[in-house]
């Protein structure tokens, strides 16, 4: 049997999550450990990794996501590979995910192996959450075939995968990587070489502000969580954040930002220049026909109804939507 086309270097939490994603989608994947270990240590790691794979699949089965009888077949698609077998696994790889610890030294050592053994047409990626793609591109021999790929935990559940490119990344490589991710049911999004990608950058602001509100005594943790789950969370599940600006109106964001900048913190709440520019240009969003998006020719009534339908669907699922009252109350 030939070696798998997909290789995750680093058998930790992220590598295991990626392996489950590919195995679930029908692909064989090699989970490679580059460290030289004693036979006992290797066996321990192997057993732990495969047990985690099976455990995750069993969890999905308990929730009705798959038939429990399929678990052995799916788990068998994950092939654990030790340091001795790494060269052959890397040589056969079409797509490699580096997921070793978050230090430049660990990354440098891992990419030395990857550079040495991968074919010239392999696509190389790093799953780093903290090191810029421009920094890591210096560690690879063919930077045009390199990009960062940030998965959100649990990797086998959350569909979004953030693809962060550097100026030298070949657009054809990005297109191929996107297609491979879509092929396993993921939703790839592309961003530039900026700290925090998209999701971590947004969520860090929200989480810090929530912690700050607890610290200031604005509300309890429980009340904040209720508000975010069933208020903000529902909105942003039905509409993307930028789409939400257009939906309500850029002017609403402009005025709200001005008020909070004056009363809470000017630095934290000051609106960016793009919001002021759109105000001056009259591009307020849905109400004016253009904003961050162009709504020319769009059936706005149907769009609003679709957003409401999605929101009601989530409310029904949460048990929070009730039928209208049968009687008029005194």
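Yeah, the Cβs are placed from backbone N, Cα and C, and that goes for glycine too.
Here's what TrEMBL has on this protein:
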- 9-191: domain '3-hydroxyacyl-CoA dehydrogenase NAD binding' (DOMAIN)
- 10, 11, 12, 13, 14, 15, 33, 102, 107, 129, 153, 287: NAD(+) binding site (BINDING)
- 150: site 'Important for catalytic activity' (SITE)
- 196-295: domain '3-hydroxyacyl-CoA dehydrogenase C-terminal' (DOMAIN)
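Everything TrEMBL records as a feature, shown here on the structure.
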residue	record	DSSP (3 states)
10	NAD(+) binding site	coil
33	NAD(+) binding site	coil
107	NAD(+) binding site	helix
150	site 'Important for catalytic activity'	strand
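Applying an 8 A CB threshold to same-chain residues 6+ apart, the list for residue 153 (NAD(+) binding site) reads 13, 14, 17.
For residue 107 (NAD(+) binding site), the same-chain residues 6+ apart in sequence whose C-beta sits under 8 angstroms from its C-beta are 98, 100, 126, 128, 131, 136, 139. Residue 150 (site 'Important for catalytic activity') and residue 12 (NAD(+) binding site) are 15 Å apart (CA-CA, integer value).
Residue with the densest Cβ environment among the binding-site residues 10, 12: 10, by other Cβ atoms within 10 Å. Residue 150 (site 'Important for catalytic activity') is 15 Å away from residue 10 (NAD(+) binding site) when you measure Cα to Cα. Comparing residue 150 (site 'Important for catalytic activity') with residue 33 (NAD(+) binding site), their Cα atoms are 20 Å apart once rounded.
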